[in-house]
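So the structure is just underneath, and the comments pick up after that.
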Amino acid sequence: MGSSDFSWKLADHPKLPKGKTVAVVVLDGWGEANPDEYNCIHTAKTPTMDSLKTGAPEKWRLVRAHGTAVGLPTEDDMGNSEVGHNALGAGRIFAQGAKLVDLALASGKIYEGEGFQYIKESFDKGTLHLIGLLSDGGVHSRLDQLQLLLKGATEHGAKRIRVHFLTDGRDVLDGSSVGFVETLENDLANLREKGIDAQIASGGGRMYVTMDRYENDWDVVKRGWYAQVLGEAPHKFQNAVEAVKELRKEPKANDQYLPPFVIVDESGEAVGPIVDGDAVVTFNFRADRMVMLAKALEYENFDKFDRIRFPKIRYAGMLQYDGELKLPSHYLVSPPEIERTSGQYLVKNGIRTFACSETVKFGHVTFFWNGNRSGYFDSTKEEYVEIPSDVGITFNVQPKMKALEIAEKARDAILSGKFDQVRVNIPNGDMVGHTGDIEATTVACEAADVAVKMILDAIEQVGGIYVVTADHGNAEDMVKRNKSGKPLLDKEGKIQVLTSHTLQPVPIAIGGPGLSPGARFRSDVPSGGLANVAATVINFHGFQAPADYETTLIEVVDK
């Protein structure tokens, strides 16, 4: 819909004043679950968040942050930061990654599209390479989608296929990689029986090979490049199942951090390096951890590491991973078209906006919040600040991350009087939660709570309003559980640590001296989700949201 089809002018809210500074705080990975020793939000000292929950019951509630509430196919699909921030910023629910791919595969439209037709031109003489996360976690990719793509590609002319997989252990249980590789090997064996030359070519753990994000550590992508493109890695095997089993025997080995390996033939030659004339598909549907590889595969002018060799290939992503950069330029499934986001509306209505996080989540309060769009809507009214994340360490080593620095920037922006909205993402609960380190995650939650207090204190000083919420769960449940909710144990009797996001709802709290005395959460939106937050925030700026937005969570009653 073009801007000529509607008015950018928001209607004034009849009961809420304009002109109050509004702080929007997103606690990444901060869900709500039963209190026990594996709930790091419960075990952490979090007096600020505790006071929001218990201080004013009519100003604290839960919202849904997974499944259909954020555009994912089923209620078994855990939320993630990308779809969560899309929903928070857009105010509407859009079919997302996995669902878009499911629809395209089910209808067969994926094979009719420009992207597939483009890579198909390499099928006669070249190899089709498929690179991505081998897992059924449903956050970045899904095994069943890879299986359908393998089947469909061969039915549409692919004669030679090489799979370069990345083991998960983050969105699924550590150790599950072996089963996934066995399934893939079985599928490829079936294709070979039909005369297709289909093999696994390389592998490695997602956090050590290929899947870095936000240009945090290019060495991760470089390790993948050497294995996938050059056919070079420190470990060589003739069988992928054997490779994963052997590498997992190393002390402290886990699926997330398996070193890169290549599959070689009997003479020791790599069976599947990427060469001129080949086609490459990165089959992850989630964008953030594919953008860096996409740049390496697509950009002729590239200086992040020495690629040694830059093959002339036909490359397509499962989706386009960055709409602003048009990266990659070819893709199999079109992304959701998210227009008229709340941020765009508010800027058009004069709301001056400040957004800040550290590198690992900076894109979430900017790019994803703004509907998968880079840059400013109006640089005279917006300022985005990125604080560099720690590099070269896992996040449990410095679990406080940059929470206090983010809070200081937000505080200063609030007190400056230059902004009407100050929004931040505090990443600790998610990024440290993903390491599975329960002690460090507790420290991370405490740091996040201190950061929230700093921001709320600043809002108090300027007579403003705050909205504190989250994008999905993680830190609130750090253990895998059986159907009755009891922790699962491994063969040695130790708990099976949960490193993934969860299906839990997340809190939202409102308050501040600028809040109208009669403002409270409505009781008639019981199944509200993250998409309802946008209309709520628009209300706090003194406006009513567009009619097609998910309804606001608040009402104003006469006191």
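For all residues, glycine too, the Cβ spot is worked out from N, Cα and C.
As the structure is a computational prediction, the values presented were derived from the model and not from experiment.
What TrEMBL says about this protein:
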| type | residues | note |
| --- | --- | --- |
| ACT_SITE | SER81 | active site, phosphoserine intermediate |
| BINDING | ASP28, SER81, ASP471, HIS472 | Mn(2+) 2 binding site |
| BINDING | HIS140, ARG170, ASP171, ARG206, ARG213, ARG286, ALA287, ASP288, ARG289, LYS361 | substrate binding site |
| BINDING | ASP430, HIS434, HIS501 | Mn(2+) 1 binding site |
| DOMAIN | 20-544 | domain 'Metalloenzyme' |
| DOMAIN | 102-322 | domain 'BPG-independent PGAM N-terminal' |
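Distribution of TrEMBL features across the structure.
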{"residue": "ASP28", "record": "Mn(2+) 2 binding site", "Cβ contacts under 8 Å, 6 or more apart": "SER81, LYS361, HIS364, ASN425, ILE426, PRO427, ASN428, GLY429, ASP430, MET431, ALA470, ASP471, HIS472, ASN474"}
{"residue": "HIS140", "record": "substrate binding site", "Cβ contacts under 8 Å, 6 or more apart": "GLY132, LEU133, ASP171, ARG206, MET211, ASN284, PHE285, ARG286, ARG289"}
{"residue": "ARG213", "record": "substrate binding site", "Cβ contacts under 8 Å, 6 or more apart": "ASP288, ARG289, VAL291, MET292, VAL360"}
{"residue": "ALA287", "record": "substrate binding site", "Cβ contacts under 8 Å, 6 or more apart": "GLU82, LEU319, TYR321, ASP322, ASN372"}
{"residue": "HIS434", "record": "Mn(2+) 1 binding site", "Cβ contacts under 8 Å, 6 or more apart": "GLY29, ARG170, PHE395, ASN474, THR499, SER500"}
{"residue": "HIS501", "record": "Mn(2+) 1 binding site", "Cβ contacts under 8 Å, 6 or more apart": "GLY29, HIS66, MET78, GLY79, ASN80, VAL139, ASP171, ASP430, HIS472, GLY473, ASN474"}
- Note on the structure: Counting other CB atoms within 10 Å of each candidate's CB, the least crowded of the binding-site residues ASP171, ARG289, HIS472 is ASP171
- Can you tell which of ASP430, ASP471 has the least company, meaning the fewest other C-beta atoms within 10 angstroms of its C-beta, among these binding-site residues? ASP430
- Task: For the domain 'BPG-independent PGAM N-terminal' (102-322), provide the mean pLDDT of the predicted model.
- Result: 96
- Task: Would you count the other C-beta atoms found within 10 angstroms of the C-beta of the residue listed as 'active site, phosphoserine intermediate' for me?
- Result: 27
